[in-house]
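K.L.:
Have a look at the structure that comes next, please.
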Amino acid sequence: MDKSVLSVGVLGLGFMLLFTAFQTMGNIEKVVIDSIARDDTTFSGDGYVSLAIIYATFTICNWLAPSVVALLGPRGAMRLGSLTYCIFTASFLWPQTWLLYAGSALLGIGAAVTWNGQGVYLSRCSNSSTISRNSAIFWAMLQASMLLGNAFVWREFSGKTEINVDTRTLLFSVLVVVALLGVFVLFGLPEHKSAHKPGRPLAEIHSAMKLLVTPKMGLLSITFLYSGMELSFFSGVYSPTVGFTNALGAKHLVGLSGVCIGLGEVVGGIACGLAGTKLRRDAILFGGYIFHAIAFATILINLPDAAVFGETDATSLLNPPSAALALVAAFLLGLGDACFNTQIVALLGGVFASQSAAAFALFRFMQSLAAASGFAYSTVLGLRFQLALLATMGALGTLAFWRVEWRTRAEAETICTETEKKIPKEHGGSRPYSISAKMYSARDSRSGTVWCTIYDGIGKNLVPKIGSWLHSR
């Protein structure tokens, strides 16, 4: 088996186990904490506040995360950061308000380190022709955690209208064990050397700051912000909203909704992997927005506006609401999210390969900033206003991604044209070629600069000849 595929598989398995604990917790946290508060009057924690703290801390620490990755390497960073997921999950076995919020802050720090390490490691495992495939494999394995964890929740919550202490204790104990298994797997990650000279810790922060003000990253920031807003909605707001709609019945729909979101993520990850060499990134991302737009419209007519805040007997346009429609919307949310995230990661890994740590830090910074804001405004904004905000930002984010993708392709075509003019005929000059989804890269051996990313219309001989010519210069 190819080493890069094996490495992505181990990475995906470790994150799948780790996030079986965390994503399950995020999906049910609001409902579970409300149950804890009913059993213990001294407990005043709030699920949305806890999740907002996680992502706010994540946002701040993302500026320091590239330095930690530079010091420890991506594998060491992921191993250290993953331990905080175990600590956060274990804190629910002893429900205290201060412990909930302290664990949330600690997890935000660890998550920043973990995800930046993941981005750098995935880039090292990939090249321009495999980054889309590897991103999709990782994404599908990661989101399988939504299926596993929420299937267990569905089973445990089945037929219940209240989540008692025995059910909570069993659930949290199982999730802690699964998270520890994920940490163990991450300790077995194979090593991959970087093709680029490692940067100094402080230089990584400076690089991120410089990258932030570039035109491409400025446009991509809009896409990043939308990805964070929809992340907060599907991961911590939507399933509790389904559970708080009394007209839909028992609490097991919270877990079933999470299963459908996870199923959409897995199907989307696999589909993006298969389509990655046939369709352009902008086309796949546009498909993701269409899925989300349909989901938003479905949710609007099916669920009541007040269900975001807690249990309600109110209804929306459909009376009674449809459980099947709620699950279809959950699937579409996961499907669209997979399209967005796989293509964002693929674009960053390809366009910013030499600045991968800084690029992924900025992505996670913007995404977590928007996610923290999403959980914060969920405490005061009703469902309809949130859906309108998501639909608007999604459209803007899609347009911004298109602009960057088209500009990048135009630049590549210009560079290829200029490069071909300099190449003698014996090295493949003046041969026909066209830009396409299937691409090959030729790099200057001295500087590492990408000279052109092309597909030879006659055969696959042009790139090796260009590379040979560049090497002899």
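Even glycines carry a Cβ here, placed using N, Cα and C.
Nobody curates TrEMBL annotations by hand; they come from automatic prediction.
Residues or ranges marked as transmembrane segment by TrEMBL: 47-65, 77-94, 100-123, 135-154, 169-190, 211-234, 254-276, 283-303, 323-340, 345-363, 383-402.
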K.L.:
Quick one: find which recorded stretch in 77-94, 100-123, 169-190, 211-234, 345-363 has the most Cβ pairs under 8 Å with the transmembrane segment (47-65).
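P.N.:
Out of the listed stretches, 100-123 contacts the transmembrane segment (47-65) most.
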K.L.:
Mind checking which residues of the chain, 6+ beyond the ends of the transmembrane segment (169-190), have their Cβ under 8 Å from one of its Cβ atoms?
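P.N.:
Result: 3, 6-7, 10-11, 13-22, 24-25, 75, 78-79, 82-83, 85-86, 89-90, 92-93, 121, 149, 152-153, 156.
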K.L.:
Taking the transmembrane segment (100-123) as reference, which of 211-234, 254-276, 345-363 has the most Cβ pairs under 8 angstroms?
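P.N.:
The stretch with the most contacts is 345-363.
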